[in-house]
Amino acid sequence: MRLATWNVNSIRTRVDRVVDWLERADVDVLAMQETKCTDAQFPMMPFAALGYEVAHVGLNQWNGVAIASRVGLEDVEVGFTGQPTWSSKPEEEATAEARALGATCGGVRVWSLYVPNGRTLADPHYAYKLDWLAALRDTAAGWLKEEPEKPIALVGDWNIAPQDEDVWDMAVFDGRTHVSEPERAAFRAMHDAQFTDVVRPFTEGPGIYTYWDYTQLAFQKRRGMRIDFILGSPGLAARVTGAEIVKDERRPKKGTTAPSDHAPVVVELG
DNA sequence: ATGGTGGGGTACCCA
């Protein structure tokens, strides 16, 4: 089974590129972030034509997460049921932001996650980001307490560069979000909760990224960030046989729409 | 040069 995550930056704009990649990538499950549409606006037909079922949550033009699967799509769940401390915001607001969608696909519990950006260290969104991550850790740890062997994948845009080598120039990021110590501690805490990065062992840096800013020719200048991750529970990590970052999908192509600013990340499970 | 490029929308906000 091949499981992928991709921040698509608007599925309505990008659907042709996403579906074109799916046709070639032999991916069974694709988690998407930043779909930027409502459920009614999500372009289901191109996915259905390739044999994928899709679950989506997005209540407005911001955010929105989805899971497309051709190996079953069961127990679809928005946010974390039974976790009122899911975020520092009221539950209905957190749901409206549509940052987490779970489903069981081919026996694997998959969560498509769009971690809050944080904006700046002084912004209330930064505190919200840390609260969100703490709630995610506590919730995920609870799942493993119930079922230690359960294969669970926490995939998506984490908006954290956990190591210095995960950004093209640490000096540029001094004092900014994504590299701050509290954010990195939150990412390490996921590992302490037994959810480990299953992609990095197959894609060692430095210079290996999943995101390149649209501005200042960042992609052409190889100025990127590694912020998209697949974290696996022990039961999932034991099955991983390979992983890749599909950098080619970040490349502009003549005669087609612009690429997303993120590349897909894929993990292979035995 | 306080820029650049994208997406959402239709005035700017967000990444």
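Even glycines carry a Cβ here, placed using N, Cα and C.
A:Asn7 is the residue from A:Asn7, A:Asn60 that TrEMBL records in the Mg(2+) site together with A:Glu34, A:Asp157, A:Asn159, A:Asp261, A:His262. Residues A:Asn7, A:Glu34, A:Asp157, A:Asn159, A:Asp261, A:His262 make up the record's Mg(2+) site, and a Cβ search at 8 Å around their centroid adds A:Asn9, A:Gln33, A:Tyr114, A:Tyr211, A:Ile227, A:Asp228, A:Ser260 from the same chain.
A coil conformation is recorded for A:Glu34 (Mg(2+) binding site) in the three-state DSSP classification, outside any helix or strand. A gap of 15 Å separates the Cα atoms of A:Asp261 (Mg(2+) binding site) and A:Tyr114 (active site). Here A:Asp228 (site 'Important for catalytic activity') is positioned 7 angstrom away from A:Asn159 (Mg(2+) binding site), judged by their C-alpha atoms.
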